[in-house]
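Going by Swiss-Prot, these are the annotated features:
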type	residues	note
DOMAIN	1-403	domain 'Ketosynthase family 3 (KS3)'
ACT_SITE	Cys158	active site, for beta-ketoacyl synthase activity
ACT_SITE	His297	active site, for beta-ketoacyl synthase activity
ACT_SITE	His334	active site, for beta-ketoacyl synthase activity
Amino acid sequence: VITGMGALSPIGNDVKTTWENALKGVNGIDKITRIDTEPYSVHLAGELKNFNIEDHIDKKEARRMDRFTQYAIVAAREAVKDAQLDINENTADRIGVWIGSGIGGMETFEIAHKQLMDKGPRRVSPFFVPMLIPDMATGQVSIDLGAKGPNGATVTACATGTNSIGEAFKIVQRGDADAMITGGTEAPITHMAIAGFSASRALSTNDDIETACRPFQEGRDGFVMGEGAGILVIESLESAQARGANIYAEIVGYGTTGDAYHITAPAPEGEGGSRAMQAAMDDAGIEPKDVQYLNAHGTSTPVGDLNEVKAIKNTFGEAAKHLKVSSTKSMTGHLLGATGGIEAIFSALSIKDSKIAPTIHAVTPDPECDLDIVPNEAQDLDITYAMSNSLGFGGHNAVLVFK
């Protein structure tokens, strides 16, 4: 069960603000301020707003962490506080951390490479490697909170956050931990990341903040980068009940598959994603007709969105006609490894509050993407089961089912 949540996103620096803004259809995408984008064909991203790390972490400590790790610590602290989870010498061994990042310390790499080229190897920081590696979000969060249980990191590109939560879910289900602090974090608004994703033609080159990220719409031309972190505290029902914890929702199913097809393009007809959705429903012991809401991967790429729609139709059959399918990336942008964490929060809160966040910028529907995408305005709906999809470069497909 999910007992705590923490978020940093382009539409809010905590869960409450992020969820309220998602339901209002707030657009978190704007001109990039972090770097000078004049040399690039991409000028928009979903950046954090009015966020100062020194409000949360000592300046000296923060300088020894890449942004992706800083974000994870802030969101993890919020989640643990929200869960009222007491991590002490009696409980620490049974509380683990499993937080992923898709690309790790990209900014750290850029800075160190410049130092190496300009001033030689002796000027590279001894903190370079510990700041760079993607597992360091988990490492630093476990140190910060004192959690000594199962500890690791999953890296599956854009599926990272969802895979991380799925793996943590299985750790708790097996009885290897009473609680896990889990999710995803990412800080990709850097020169190398923007240049690299631009070179692979994955990013939108549209400079209009209202139309750059428009999942399932005609004219979509790529995703818009976002940054932040989404962290959950999940624990066994017994553990939550024993301490009288507030329960948001239950994770009941997890499916993960590989396309074995192409490094960036999805398999034809969304075959791999379809199998992951089916695996998650099988794990939950439910059928397509049982699911009311699906938080789609929906990144606003021409091929990706269409393939996901085909995968949903192939998996759900007739039930797809009655399924609500929204892409919250229309508001947040694509947070890469963090996106599964944020979207798990949206999925759980949609169940708790009986509300679905919309797909904004839905003004020119693609006739081939003919699902109910909850256009432009939030909707009220009693939800028994919600699903969240994440599909990553490398052919990674991860799906969670919430109750």
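Backbone N, Cα and C atoms are what each Cβ position is placed from, and that goes for glycine too.
Keep in mind that this is a model prediction, so the values were computed, not measured.
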Over the domain 'Ketosynthase family 3 (KS3)' (1-403), what is the model's mean pLDDT?
98
What number of additional C-beta atoms lies within 10 angstroms of the C-beta atom of His297 (active site, for beta-ketoacyl synthase activity)?
33
Please report the Cα separation of His297 (active site, for beta-ketoacyl synthase activity) and Cys158 (active site, for beta-ketoacyl synthase activity) in Å, rounded to an integer.
9
So, three-state DSSP: helix, strand or coil for Cys158 (active site, for beta-ketoacyl synthase activity)?
helix
Just jot down the residues in the same chain as Cys158 (active site, for beta-ketoacyl synthase activity), at least 6 apart in sequence, with C-beta under 8 A of its C-beta; none if empty.
Gly102, His297, Thr299, His334, Leu336, Gly337, Thr339, Ser390, Leu391, Gly392, Phe393, His396
Just to be sure I understand the packing, how many Cβ atoms besides its own are within 10 Å of the Cβ of His334 (active site, for beta-ketoacyl synthase activity)?
30
